[in-house]
């Protein structure tokens, strides 16, 4: 069985690479009392964070776009499954049973995409260089889109029935008794 040479090479490299990372890092002992947590005692005492470069901004922008694309993919798949459910719902009684499955699948896609986006925003807010307000706006937009989808599917399935009653305006000119000009009986 040929081709196994790379496995041994990868295992050797992994052993060499991880040997250093499994050991605790050596801390330099410079100045100050042992175990002091006072400011000014440490390797980075008084150091300000490095300035943000154009490359860091570009990386943050790419990370945000990739994150938004992932959400939009899940949302698109949820809309597609819901659309198939709408078509199936109109076909027949058997189609109605299948439509509920498609609506459920669409809902799972929308909920999973929205939840993963919100959790990712909270976890990656620093690397994305987002302010708290920017992250809140992003999460709010995703929540609004998800609620809009849920309302649309609920209305379509009849769970949120809206009864609209048209009441004709009575201006006093029409007679309440007898047929109208076309010979139709009065509405009841």
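Here the Cβ of each residue, glycine as well, is placed from N, Cα and C on the backbone.
These come from Swiss-Prot:
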MOD_RES   48  phosphoserine
REGION    24-52  region 'Disordered'
REGION    168-188  region 'Disordered'
TRANSIT   1-96  transit peptide
TRANSMEM  102-122  transmembrane segment
TRANSMEM  135-155  transmembrane segment
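Sequence-remote contacts of a segment are chain residues at least 6 beyond its ends whose Cβ falls under 8 Å from one of its Cβ atoms, and for the transmembrane segment (102-122) they are 67-68, 70-71, 73-75, 77-82, 84-85, 88, 128, 130, 135, 138-139, 142-143, 145-146, 149-150, 153, 157. Residue 48 (phosphoserine): 6 other CB atoms within 10 A of its CB, across all protein chains.
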